[in-house]
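Visitor: Not my notes, these are from Swiss-Prot:
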- 1-176: region 'N-terminal' (REGION)
- 177-401: region 'Catalytic' (REGION)
- Gln204, Arg206, Ala302: sulfate binding site (BINDING)
- Gln204, Thr205, Arg206, Asn207, Gly298, Arg299, Asp300, His301, Met340: ATP binding site (BINDING)
- Thr205: active site (ACT_SITE)
- Arg206: active site (ACT_SITE)
- Asn207: active site (ACT_SITE)
- His210: site 'Transition state stabilizer' (SITE)
- His213: site 'Transition state stabilizer' (SITE)
- Phe337: site 'Induces change in substrate recognition on ATP binding' (SITE)
- 402-581: region 'Allosteric regulation domain' (REGION)
- Glu441, Glu442, Leu443, Arg444, Thr486, Ala487, Arg526: 3'-phosphoadenylyl sulfate binding site (BINDING)
Amino acid sequence: MANAPHGGVLKDLLVRDAALHDSLLEEARSLNDIFLTERQLCDLELILNGGFSPLEGFMDEQDYTSVVETLRLAPFNGHKYGHVFPIPITLDVSQEDINTLGLKQGARVALRDPRDDAALAILTVSDIYRPNKATEAEKVMGADDIAHPSVAYLRNNVKEFYVGGKVQAIQAPTHFDYVPLRYTPAELRAHFHKLAWRKVVAFQTRNPMHRAHRELTVRAARQRRANVLIHPVVGLTKPGDVDHYTRVRAYQALMPSYPEGMAHLALLPLAMRMAGPREAVWHAVIRKNFGATHFIVGRDHAGPGKNSQGKDFYGPYDAQELVTQFKDELQIEMVPFQAMTYLPGSDEYQPVDEVPKGTPTADISGTELRKRLRTGASIPDWFSYTGVVKVLRESYPPRPQQGFTILLTGLHNSGKDTIARALQVTLQQQGSRSVSLLLGEELRSDLDPQIGRAITPEQKHINLERIGFVAAELTKAGAAVIAAPTAPYERSRQAFKKQVVGSGGGNYFLVHVATPLEWCEKVDRRGLYKAARAGEIKNLTGVDDVYEAPENADLVCDLRIDTVPEIVHSIIMILESQNLV
């Protein structure tokens, strides 16, 4: 039979509150609303379906403080200790939210999905408290270092107050992707019962799986006469990870490689914190709630990589040690992850610590795999499966098929528009991909017709962010994007780059058209500079608004010195050096 839930009872609030659904939905219409962030949405889903049992809501100050300091919920019903729970699950709000929504002890507020405005639950406020973010970072993540993605999120995104309180469920968040693979804990437990699975080894992953992972999980199952639950995270993972759509297709391609009836794939809508040892204990609690009896804990489990000093945030086996420390209370058996390596001589995988000294081995690192995908180089069958590689190649085409964005920045009349048009023609002549031209003045009127020539600095920043969004989407689709706004501020250019690199695939190049103001004014046949100096136009860059010259442009050019064909040729050479054309 499946493992008992953490705390003894599965807190399936969706089932518990089903009889109240209509009345709760009607009440929600009259309440103030909190629209959840993506992390809060993931957290709420696992609160509602029992994945976070024994939680029944967002932590109050007593539970929060206890979790941060002791990895346990606050003691209850006369017990000396509370249940093990290593990660604080909190709902953050601002002072403005508190004032606007009338948040206070006993108040009720609707929690809504920002994607469709659906009311998911009603929270009854038990308390409002100000967390010590430095302490939370030090205790939970191990360091107050913004190189850690969760510390950066805590410092930059989390608001100044937390609201604690139990929730009543109205409905779970709606998903339209991979619906047959999404199970609540109760549903997955019922599935195990139907299949008569008594022992289940759960495998946590946020990366694509290859032959080594398959061999590891099969080995773990056979040693324990158990079945395998492949339970990948499809909520929030580490920034830069492979998107979950690609990963799930890769998992589906992998599943037929398992012996018939051995393994099952289910998706977990978890927002990871990358908290290493604490995260491993948390993952064990969650898998216990989903019915698993065993849980694989890897080397540097859920580690975020390097800190600001270039060292790992956690030791390689800290996670395994912390799970072992709580093993009696967790009541889920840890399976230590031993890295697997390929032995060409015997055509098999073995744990690295079992390979005789001097035996030839072969491995492909994540960096090498990405390089092979980028260049189109072969990926050997001993490393992965044909179906998995096919999925990855479709999502990560080689460089000549990838999109890219070139941002030309400079003063009005610096020549950037002329260069952009000439570059567009050159790339279209090559015919390898679609080419999109985003000129600043044209895009400004298209994206916001109410904005005229005399726009404020903040409007300029917002306008470039909008152009960045368009550029990122086009780049992601494989287009060549040439953007030529003035882009006068460094922070705006960095925001633009972040959008393209984060969403568009990372192929971004900055060209500074450094033609000086005197020359730009001299050739200004439209009289914009003259009008600005006469006070007829406000905030014209270079006259009464600053232009911050970029310091690290990929190319700097000046139309007084360089011809347009020479500049275009230089840009093409940059693209060729990156194997993009």
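Yeah, the Cβs are placed from backbone N, Cα and C, and that goes for glycine too.
Quick one: how deep are these features, and who are their neighbours?
Guide: When Cβ atoms from all protein chains are considered, those within 10 Å of Gln204 (sulfate binding site) total 25, not counting its own. DSSP assigns Gln204 (sulfate binding site) to coil in the three-state reduction, outside any helix or strand.
Other Cβ atoms within 10 Å of the Cβ of Arg206 (sulfate binding site) number 20 in total over all chains.
Cβ neighbour count for Thr205 (active site): 18 (other Cβ atoms within 10 Å of its Cβ, all protein chains included).
Long-range C-beta contacts of Asn207 (active site), restricted to its own chain and to partners at least six residues apart, with a cutoff below 8 Å, comprise Asp241, Val242, Arg247, Gly366.
Long-range C-beta contacts of His210 (site 'Transition state stabilizer'), restricted to its own chain and to partners at least six residues apart, with a cutoff below 8 Å, comprise Leu254, Phe383, Ser384, Tyr385, Val388.
Long-range C-beta contacts of His213 (site 'Transition state stabilizer'), restricted to its own chain and to partners at least six residues apart, with a cutoff below 8 Å, comprise Phe203, Thr205, Met340. Taken residue by residue with DSSP, His213 (site 'Transition state stabilizer') is part of a helix.
Annotation for Phe337 (site 'Induces change in substrate recognition on ATP binding'): same-chain Cβ neighbours under 8 Å, separated by at least 6 residues, are Leu216, Ile296, Val297, Gly298, Arg299, His301, Gln320. Secondary structure from DSSP puts Phe337 (site 'Induces change in substrate recognition on ATP binding') in coil.
Counting every protein chain shown, the Cβ of Arg526 (3'-phosphoadenylyl sulfate binding site) has 9 other Cβ atoms within 10 Å.
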Visitor: Other than its own, how many Cβ atoms are within 10 Å of the Cβ belonging to Thr486 (3'-phosphoadenylyl sulfate binding site)?
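Guide: Its Cβ has 25 other Cβ atoms within 10 Å.
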Visitor: From the Cα of Asp300 (ATP binding site) across to the Cα of Arg526 (3'-phosphoadenylyl sulfate binding site), what is the distance in angstrom?
Guide: 62
Visitor: Rounded to the nearest angstrom, how far is the Cα of Ala487 (3'-phosphoadenylyl sulfate binding site) from the Cα of Ala302 (sulfate binding site)?
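Guide: Here the two Cα atoms are 38 Å apart.
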Visitor: For Asp300 (ATP binding site), just count the other CB atoms lying within 10 A of its CB, please.
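Guide: Other Cβ atoms within 10 Å of Asp300 (ATP binding site): 20.
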Visitor: Just name the winner among Ala302, Met340, Ala487 (the binding-site residues) by count of other CB atoms within 10 A of its CB.
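Guide: The residue with the densest Cβ neighbourhood is Ala487.
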Visitor: For the sulfate site given as Gln204, Arg206, Ala302, which other residues of the same chain have their Cβ within 8 Å of the site's Cβ centre?
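Guide: Apart from the listed residues, the neighbours are Thr205, Val233, Thr237, Met272, Glu279, His283, His301.
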Visitor: If you measure every Cα to Cα distance among Gln204, Arg206, Ala302, the residues said to bind sulfate, what is the biggest one in Å?
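Guide: Among the residues the record ties to sulfate, max Cα distance equals 9 Å.
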